[in-house]
Amino acid sequence: MKRLSVLPQQCLLLMTCLLMALEAVPIDIDKTKVKAEGHVEGEKVENPDTGLYYDEYLRQVIDVLETDKHFREKLQTADIEEIKSGKLSRELDLVSHHVRTRLDELKRQEVARLRMLIKAKMDSLQDTGIDHQALLKQFEHLNHQNPDTFESKDLDMLIKAATSDLENYDKTRHEEFKKYEMMKEHERREYLKTLDEEKRKREESKFEEMKKKHGDHPKVHHPGSKDQLKEVWEEADGLDPNEFDPKTFFKLHDVNNDGFLDEQELEALFTKELEKVYDPKNEEDDMVEMEEERLRMREHVMNEVDTNKDRLVTLEEFLRATEKKEFLEPDSWETLDQQQLFTEDELKEFENQISQQEDELRKKAEELQKQKEELQRQHDQLQAQKQELQQVVKQMEQKKLQQGNPPAGPGGELKIQPPAEHKAGDAPKHPAGGDQPLPPGHVQEPAVRTDQVHP
């Protein structure tokens, strides 16, 4: 499971925390008692990755909108329903020309990026004739039918897509964790099948012993209760437990001083509780389970405290929660080891899915093996034909040599030998002084001496 320790900021968190310049309620704190370093004025606090494939595009749009004074003021007065309904998006028509131009550029870059990703994906499948417009329909965070300009519809689609995707993020993580646990149990049972009876009993005994050891831990306080927060106040903040004050606690743990406790800031409050149950040095403690437990704690507190369901806890919501009976007298908290994470029927169905996947992979492997064997057969056939051709050429050359014909070169060309020089007395000279022999019956006349010519 990836990025279990880094939770995504909700779209509304990004839209509010980065755009709204809200000041937290001033609280008097004795800084000499606080061990943690305070937030530096003007220091930029980077938000964690949302986990969305368009995370960078989302951040860039928000950064650009933040520069427009009109839009910033409208956002400060807008409630959560106006943001979700798209009413705020219509204010985009009133932003400055410079902002609109920059947003247009960002959208064109995002469309180009998506098209490049799609093409790379299709090329990997060796496909052709890519219909970018059809493929872009799967990306719902922008209006792909207008790839050149950023309109109010684009902002509306971006907010709705990010909100929906991030709301389903936790659900997806829970499903992945459940599959992880079922896979662990499946592999354990499959391993037991490979052992004889005596070894199997030892493994079962060891498993039960580790399970019992893991469950033997100190009491875990109910997340978000007074006892749990006081423990953080005392052990993490180093403050006197008798002086616990909810306002001061909120200010201390609002790390980025934006007036909210977001998901990451809430999860940080549960570290002390999780350390009671999980130790990375212990074989019986699974750190993947620890992150699932952290997620469960955060979700529980959000459900209890976040009354407007914007995935952010304000000071007002936090103080209101401390007045409830559940804050002072909470129920006991059941950790993962006290719960049944899946049923036998669910495990059986999961194993059937694994079996089907294995069958499909086996069929693909067999098909690939057949293709490999066929390619090898064709290769061997071509090699045999090549050897036969080489043998025929060799035989033809030998036959030519036997018939007195000059041998052929490697390319089939004739190898012409230069004529040998005649030795003295081998053949009479041509009467004209040439090297050609005289015709049959021709008598060569004696040469006339010029010194004996009569006048």
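Numbers here mean position along the shown chain, with the first residue as 1.
Heads up, the Cβ atoms here are built off N, Cα and C, so glycines get one too.
Automated prediction, rather than curation, is the source of TrEMBL annotations.
It should be emphasised that the depicted structure is a prediction, and the values quoted were computed from it without experimental measurement.
Pulled from TrEMBL, these are the features on record:
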COMPBIAS  194-211  compositional bias 'Basic and acidic residues'
COMPBIAS  212-223  compositional bias 'Basic residues'
COMPBIAS  359-380  compositional bias 'Basic and acidic residues'
COMPBIAS  381-395  compositional bias 'Low complexity'
COMPBIAS  420-429  compositional bias 'Basic and acidic residues'
DOMAIN    241-276  domain 'EF-hand'
DOMAIN    293-328  domain 'EF-hand'
REGION    194-226  region 'Disordered'
REGION    352-455  region 'Disordered'
SIGNAL    1-24  signal peptide
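Within the model, the domain 'EF-hand' (241-276) shows a mean pLDDT value of 92, rounded to a whole number. Per DSSP, the secondary structure of the compositional bias 'Low complexity' (381-395) breaks down as 15 helix, 0 strand, 0 coil.
Each residue in the compositional bias 'Basic and acidic residues' (194-211) gets a DSSP state, and the totals come to 15 helix, 0 strand, 3 coil. Counted with DSSP, the domain 'EF-hand' (293-328) comes out as 24 helix, 2 strand, 10 coil. Taken residue by residue, the compositional bias 'Basic and acidic residues' (359-380) breaks down under DSSP into 22 helix, 0 strand, 0 coil. With DSSP states grouped into helix (H, G, I), strand (E, B) and coil, the compositional bias 'Basic residues' (212-223) comes out at 4 helix, 0 strand, 8 coil. Note: the domain 'EF-hand' (241-276) comprises 25 helix, 2 strand, 9 coil (DSSP; helix = H, G, I, strand = E, B).
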